[in-house]
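TrEMBL annotations:
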type     : residues : note
TRANSMEM : 12-30    : transmembrane segment
TRANSMEM : 42-63    : transmembrane segment
TRANSMEM : 84-114   : transmembrane segment
TRANSMEM : 145-163  : transmembrane segment
TRANSMEM : 175-195  : transmembrane segment
TRANSMEM : 215-237  : transmembrane segment
TRANSMEM : 249-278  : transmembrane segment
TRANSMEM : 298-324  : transmembrane segment
TRANSMEM : 344-364  : transmembrane segment
TRANSMEM : 384-403  : transmembrane segment
TRANSMEM : 423-442  : transmembrane segment
Amino acid sequence: MAREQWGTKLGFMLAAMGSAVGLGNIWRFSFVAGNNGGGAFLLLYLGCVFLIGIPLLLTEVSIGRKAKSDVVGSYQKLAPKTPWFFTGFFGIFSAFLILSFYAVVAGWSLYYFFNYVTGNFFEAPAEAGFGAVFGGFISQGWQPLFWTALFMAMVIFIVVSGVKKGIETANKIFMPLLALLLIVLAVFSLSLDGAMEGLAFLFQPDWSAFSQPSIYVQALGQAFFSLSLGMGALLTYGSYLSDDKKLPGAAVGIGLMDTFFAVISGLVIFPAVFAFSIDPSSGPPLVFITLPTIFEQMPLGGIVGLIFFFALSLAALSSAISILEVPTAYFMRLFSWSRKKSSIIVGSIMFFFGIFVSLGFGIWSDVTPIGEKNILDSMDYIASNILLPLGGLSMALFVGWYFKKATALKAVDLKDDLMGSTWYGIVKFIVPVVILIIFVSSL
Ligand code: ILE
């Protein structure tokens, strides 16, 4: 059977942007920034995106496009009889870990959407506010699992039936709409009493924070997570791209777009966090408490909330399908499974892990696999802060050191000029050195 291909470069761009923009920009960015002091984190995050993220994004897509195979097969094809294919397993493992908790959080988003459809969340149902509402919801057993299962079923359905085109088309409408909503929300949030404190939190770095090694790891991990980097999603999407499509512009476009969504989310969340006296280091629940509180205060907030959670769920969906695609494509080739069989099996395993993640907010809330971290935080930590950067490191070494310069440049459609040499130097020297330093200092 011939390998599938994107019809046009725009199709690829939309899919790759759909992959990048997701819960990571709004949900994860906000709570990680909140946990790590705001301004200092933002600065390091932006540094990681531009210095490491975008050059590696270009690298990852180019590996897939050159090899036209899955995340493991690509290395086997480009470097036969070498151990480079282990790089691919970073992607496979991260994909399993990440989608297992991503589906749980996306389930929360679906639940919120549902509660805006019914009008339940137009006003905080209890005196205690949305913090208590959210806490009550995630600590139940079945209800959050139902929404996780529903989300996972949708992801599998899309990956099986190849209606990705439908999702891309929907994203054409809803991504700009989400951007517009975020801008409106940011303006509203900034007009709240006490908003300036939030702005200062986000944009005035506390310089003493730079002496903590953990904040570097967090910034690097967030850059990888948000750009869908190191999990094989971009490599796999790149493998469906024909050789005549130029990559560098696409890579920069995806990176800028993704960063825009993160920064604007920060402008929505932090002014409101301070205005409503919410603790910025509330962790994963942060946006699920802050957003409905904003919607409750603004005119037509119920409708805005409804559209917002619809768009957020859709953004999560287009990200999730890119993650499920990674092991799906791998097992299809490895075991000669059909797309249907592969994605159902992989998706079911992820859902199974998701059960643990979800119960980690309820009956298993005292299960802390790593330090004080609950199940979600532990899985997220291993995947985002360890596996993704190591996968990225390995990828940079592969293209920087295994390929000859001319081969590497050709793979990414750059010439041996200033721009090409800059990219090559970054991938060959700077990326490995920076990732290693961040790693070693955090140990
Ligand atoms: N990049 C997306 C996001 O930020 C996903 C991360 C794919 C796992 O939500």
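The backbone N, Cα and C atoms fix where each Cβ goes, and this holds for glycine too.
What TrEMBL says about a protein is an automatic prediction, not a curated fact.
Highlighted: of the candidate stretches 249-278, 298-324, 344-364, 298-324 has the greatest count of Cβ pairs under 8 Å to the transmembrane segment (215-237). Highlighted: of the candidate stretches 12-30, 42-63, 84-114, 298-324, 12-30 has the greatest count of Cβ pairs under 8 Å to the transmembrane segment (249-278). Listed by sequence, the residues of this chain that lie at least six past the ends of the transmembrane segment (344-364) yet keep a Cβ under 8 A from its Cβ atoms are 96-97, 99-101, 103-104, 107, 138-141, 144-145, 148-149, 152, 155-156, 159-160, 324, 327-328, 331, 337, 374-376, 379. Only sequence-distant pairs (6 or more apart) were considered; of these, fewer than three Cβ pairs between the transmembrane segment (298-324) and the transmembrane segment (384-403) are under 8 A, so the stretches are not in contact.
No contact links the transmembrane segment (384-403) to the transmembrane segment (12-30), because fewer than 3 Cβ pairs that are 6 or more residues apart lie under 8 A. The stretch with the most CB contacts under 8 Å to the transmembrane segment (175-195), chosen from 12-30, 42-63, 423-442, is 12-30.
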